[in-house]
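K.L.:
There's a structure below that I have some questions on.
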Amino acid sequence: MLCLGQAPKRYWDSQAEAGSKGAGEGQVTERANQRPEKTRRKKIERRGKKLISGKVDPFPGPAPVPKERRQKFERGQKNEVRSLSKGRLKDRLSKTEEKIDLALNQAARSDLLLAEEAGFLVGDEGEDTCTIAQDDIAEAVDITSGAKYFNLSLSQFGPYRIDYTRNGRHLLLGGRLGHVASLDWQSKQLQSEMNVMESVNDVRRVLEGETWLHSENMFAVAQRKWLYIYDNQGVELHCVKKFNDVLRMEFLPYHFLLATASSTGFLQYLDVSVGREVSAICTKNGRLDVMTQNQSNAVVHLGHPTGESETDGTLWSPNQKEPLVKMLCHRGGVRAIAVDKTGTYMVTSGLDRKMKVFDIRSFKPLASYLLPAGATSMTMSQRGLLATCCGDTVQVYKDVCSTPVSRPYMAHHAPGRVWGVQFCPYEDVLGIGHGDGFTSMLVPGAGEANFDALDSNPFRSVKQRQEWEVKALLDKIQPELITLQPSKLGELDTATYQQRHKERVERLGFDPREKEKFEPKLKMKGRSSTGSVQRRKKKIKNEDQRELIKQSLEMKDRADKERKKEEKMTSLGQRSALERFQK
């Protein structure tokens, strides 16, 4: 029967009442079930594991970085922070090491994104790559790469010497009869062009050399008498009369030093940031017309004709008046020198028509090759290719430092006698300056495929160039730090330190570093017996021994942790990436 005043019941009302009755019990049960799950999650999170869809991640934490990729970006050994006693210095060095380690990991990870790879020229079966002409290569490559092969006919003021900027964007040409031009060689846009109008002597070239300075806004020209510095519009900025009769120049970008070699046998260094002469060294080896630099340590390599000293190769630093190393490379003197990017190998060519490869670390010859004629100019690319010039022939060799070479990788005949060659940075291009002008030659695999935008950016704007110049000036390395082994700068000279300590002990009459012998103080009557004094001495001695044992145990634990960490990274690196999806 229906009750008056009450609404009729529907079938869904009964389901709602049943749900409301069991809601309280269900919430209590659900909360009870959630508590152990939440506790379990907290325990797992404390262990450093994360949950993916309710399951434990088999690969916790960030992906491990392979040790081989880290070694590519390492810059020396770590500092021993634990051995320091000063707390503030210890904290500062530990934070610095953490930043270095973070930057190292990020650089190794970002290296995966650099997909560009350097490729070399590969011929067909039975075809020699040195017989392939430049016209055939330009037709086979894309339009942008093919446009990089061109010739500039400048037969009126030649022969020419050339120089590229560090980012490989701009080109500087200097002719023997005074013609100087700077241009953006990729867009073929001329920046400045002039003739210095110097008098010409048959035995002395009017324009012996030219080089860019720290940016494309200034360049130096070694003219017949003095050294001149111009801006990118061809306006003369300075005439440095202390540097006279200059034949060769090299610019050290991280030190802002311009090194010059003169016909009078002087090696001079000019700091272009302040306009001051840093050093002037008389080499006592006569005319200096063979010069290059080691990019890894900024040491200057010079070549000489063999004289009374029986040395035709020397290595120099602005900090010493004597050469760092003297070498006898050839019979008859050195005509060309080239050093690879890493500063490990040096290649020389002499009047005996031989080309020799030296290991700079041990200063021993590794290989010797016989050339048709002595090379007058040599240069090495970022990828280790070697270009040599013999008359009007340019030959490029591949892997000349690591493996024996029987034939050249590529060859090209210039319209005139070659006076200077240089590889363009970050491009597969070899610039050739000859008597008939300039030739841009395509050499596949010569340039580095990826560039560091913070150091050498070919596409930087004016604002970026200004900021880079300010940062480079703040990070300028002092010339006193130029040495054969830059890694030794942060180490302690143990022999000198011990000698100084010995002299100090002789001067004072005692060793100030020696720990004072413990002498217990006499206490009140009845507590300073002989046995009590001996027990106190033994206690102090045991404390010292415990400290030494504690340090040795800490070192052992640290070594075990590093070993386990390396084993764990090795095991993780061997696992497949698809194993994380296994149930």
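Quick reminder: no glycine exception, Cβ is built from N, Cα and C everywhere.
Bear in mind that TrEMBL entries carry predicted annotations, made automatically and left uncurated.
Not my notes, these are from TrEMBL:
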type	residues	note
COMPBIAS	38-52	compositional bias 'Basic residues'
COMPBIAS	66-90	compositional bias 'Basic and acidic residues'
COMPBIAS	508-522	compositional bias 'Basic and acidic residues'
COMPBIAS	541-569	compositional bias 'Basic and acidic residues'
DOMAIN	408-486	domain 'BING4 C-terminal'
REGION	1-90	region 'Disordered'
REGION	508-583	region 'Disordered'
REPEAT	327-368	repeat 'WD'
K.L.:
With DSSP as the reference, give the number of residues of the compositional bias 'Basic and acidic residues' (66-90) in helix, strand and coil.
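P.N.:
Its residues divide into 11 helix, 0 strand, 14 coil.
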K.L.:
For the domain 'BING4 C-terminal' (408-486), what does DSSP give as the number of helix, strand and coil residues?
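P.N.:
Once the DSSP states are binned, the domain 'BING4 C-terminal' (408-486) shows 17 helix, 22 strand, 40 coil.
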K.L.:
For a three-state summary based on DSSP, what are the helix, strand and coil counts in the compositional bias 'Basic and acidic residues' (541-569)?
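P.N.:
Output for the compositional bias 'Basic and acidic residues' (541-569) reads 29 helix, 0 strand, 0 coil.
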